[in-house]
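Asks: What TrEMBL records for this protein is below:
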type     : residues : note
REGION   : 1-27     : region 'Disordered'
DOMAIN   : 54-84    : domain 'Matrin-type'
REGION   : 220-295  : region 'Disordered'
COMPBIAS : 224-267  : compositional bias 'Pro residues'
COMPBIAS : 276-289  : compositional bias 'Pro residues'
């Protein structure tokens, strides 16, 4: 047969392959590629029967070679049956118990009462800040446990009616009961040298000191008071001339009484110097109220 003048043909090339030949070559290439990437012997649905052909136990189909089976596994029918089988196995499988959560054993202590404490009120001479120093004694504290503290709002506690003017400082250490101190609800200065704690393991004493921040009203009242202006005496009445000299007339007596005549040769009555009114003294700020607290 002459393939020289056929469309797409070239002399010496052997002609154009038919559709069946192209499909056979494509399946062969796919089989070689699948054999390189997929181990067909590990497929649970792959089976070779006694006739030398291959079967798919999932879809119940017959295949003449391995390439045909591999092409079948990539098809829609095989993928759909795989999804159904996975759903069925998940439904029939017994429910696996949830992994047990790690439980942390809570240490239980028998409360032995309230610890001893001492509270000292202080004021910084340089800044004028008010501070409180707490000393708590824990002689029977549990081994390996240190005291803890935190501030609580008045709306968190359930012992007293909430009052926004107060807050509570809580201190706790096992096996002692938790104690609370009622302090004014002012902003705490958390600077490094204004808030510190110390736990003495030898004497079993816990120290805590904090400072209150200075409020604007206190800063304004503690500042220097500007001197008030000196008031001048009221002017003289209009139409009245200047006072006569001291040696001529004595000062008028009180009550509008007439001036008695002076004996001849007597000196005039001394004239008292006019006193200027004293300027008002600056008002000092009232002393700060004593911080009240209760345990």
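Cβ coordinates are placed from backbone N, Cα and C, and glycine is handled just like the others.
Are these features on the surface or tucked inside, and what are their neighbours?
Replies: Proximity of distant same-chain residues to the domain 'Matrin-type' (54-84), defined by a Cβ-Cβ separation under 8 Å and at least 6 residues beyond the stretch ends, is recorded for 27-28, 30-31, 34-35, 38, 40, 43-48.
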Asks: Could you pull the average pLDDT for the domain 'Matrin-type' (54-84)?
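Replies: So the average pLDDT across the domain 'Matrin-type' (54-84) works out to 88.
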